[in-house]
Amino acid sequence: MVKFYDRDISSRLLIGSALYPSPAIMQDAIRDSGAEIVTVSLRRETAGGKAGDQFWSLIRELGVTVLPNTAGCRSVREAVTTAKLARELFATSWIKLEVIADNDTLQPDVVGLVEAAQILIKDGFEVFPYCTEDLSVALRLVDAGCRVIMPWAAPIGSARGITNRDALKLLRDRLPDITLVVDAGLGAPSHAAEAMELGYDAVLLNTAIAKAEDPVAMARAFRLAVDAGRLGYQAGLMGARDFASPSTPVIGTPFWHAVS
């Protein structure tokens, strides 16, 4: 089980609901991923029309917990306003907070992120902030009241995997009591397993599954990878070595030397 504020969740894989080839494939992929938390963009939901109604109906059928996000917001004011609208629409105090600074990298505006988190937490929100792997930013978010931190592995949709392993490991070491979720930049199941092997509590994925040739099969692959990585972490990984170490003990004289 992993703790998200006052809730215990079984699945350590969170999944996004955008970019799938069709609504039916989205639903099948989410179901096969085993995810219990699904992120939803407020802007997509409020687009209206039959397509929006169909989308929301499919999400409800899955019986998952919806985590609305402020994707696309580029200012504190815009993010706070979007979060408040999401709370009314989805009847939840959870919000995945995104404040974007740069259009090319979609890097978070960490200054605006902290400010928006402070405002929302004072207003009763439980904030899931999308941030960089910078420890100082994470500490400020924790000081603001965030109990979940979601650092990126690499830019959104880049599929590059973990680009700053040492920084992510430092976050885990320094924030042992905070729920840490790697969010953005993972492109392969092996990337998810690596994040879990670092001791992260969960990963959030969207593009890597939605844009796969077979999104449903890829959802299953990521599900297994997350479970394998978590089990490996719990089992205790051996440390890397600079030199070889024989796996077979060499004791005494080789048996063939004793043959006359």
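Note: Cβ is positioned from N, Cα and C throughout, glycine not excepted.
Summary of the site annotation: Swiss-Prot records 1-deoxy-D-xylulose 5-phosphate binding at A184, G185, N206, T207. Screening the candidates G157, G232, G236 against this entry identifies G157 as the one listed for that site. Neighbour density around each Cβ, counted as other Cβ atoms within 10 Å, peaks among the binding-site residues N206, T207 at N206. Note: the 1-deoxy-D-xylulose 5-phosphate site is recorded as G157, A184, G185, N206, T207; in the same chain, P155, I156, S158, A159, L186, G187, L205, A208 also have Cβ atoms within 8 Å of that site's Cβ centroid. Cα to Cα, K96 (active site, schiff-base intermediate with DXP) and N206 (1-deoxy-D-xylulose 5-phosphate binding site) are separated by 14 Å.
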